[in-house]
Amino acid sequence: REKFIHVCNPHLEKMKEDILYHFALGTGTHDFPTLFGDVKFVCVGGSPSRMKAFIAYIAEELGLGSPGCDYPNICAGTDRYAMYKVGPVLSVSHGMGIPSISIMLHELIKLLYHAKCSDITIIRIGTSGGIGLEPGSVVITRQSVDATFKPQLEQVVLGKTVIRSTNLDEQLAKELMQCSKEIGQFNAVIGNTMCTLDFYEGQGRLDGAICLYDEEEKLQYLKNAYDSGVRNIEMESSVFAAMCNLSGVKAAVVCVTLLNRLEGDQISSSHDILVEYQQRPQKLVGYFIKKSLGKV
């Protein structure tokens, strides 16, 4: 049976028009089923340029585009997010941090709902700091955990703290891991991902403008994280997992590690190496999409 997007908001049915303000789209001005009804895969990532590069890559992989072909930004009416589409694949930027990706996901989920999309898979691709892994390793997230290593998202709604699960689809993670083995080009692991509210103190860095702990305390914290199953750190996965769970969507997080945080805090690899690292999640997800569509 086809699985349609579920929106946990009865108020939407009472609205004559739904304006997705940060996408510059609306049900009164755009035909969502015609524009997006065939979407089966949604890939999201922080950078607009990276998501444009991804859509060009997947178009070529699926034989749906030609080299050098330009793909218009569907959200050109705003500078908040960028969105690109080719065939059944939608590519959307989400900015940096929980607040930014949360806003994007509210509108993305409504877009898919209004478009009457079914059997959707959403995958976040991005970069992260690794723990106990060589730079360039790809982490497929088992569950997102907070800074105390709990698999949950705490959110204050109407003055009350709401706790939501941040588990991700186990079968999807295994399928992505199998794809990585078939590609055989880089190291990949399944592990927990710690999602923090901050890049510096929240991740135990020593190089921020404010740091009131020493290196020994930092290393002990990161070792505790490793012992709890954490293999990388980023800033979006918890709300991503929580919102996809509530919407009944299969979801995964695939992030490459740019450094091993047990060995330092600053990213020192060359630009060319970092570019190659950042292509690894898109290669893995691109292969997964091709395989899902029977094109491998």
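Any Cβ shown, glycine's included, is placed from N, Cα and C.
Marked as domain 'Nucleoside phosphorylase' by TrEMBL: 40-289.
Residues near G126 (phosphate binding site) in space but far in sequence (CB under 8 A, at least 6 apart, same chain), listed by position: G45, G46, E234, E236, V253, V254, C255, V256, P281. Summarising the annotation, TrEMBL assigns phosphate binding site to R80, R124, I125, G126, T127.
The annotation substrate binding site is assigned in TrEMBL to Q203, R205. Spatially close to R205 (substrate binding site) yet at least six residues away along the chain are F199, C211, K218, D265, judged by Cβ distances under 8 angstroms.
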Judged by the number of other CB atoms within 10 angstroms, which among R80, R124 is the least packed of the binding-site residues?
R80
Around the Cβ of Q203 (substrate binding site), other Cβ atoms within 10 Å, all chains included, total 23
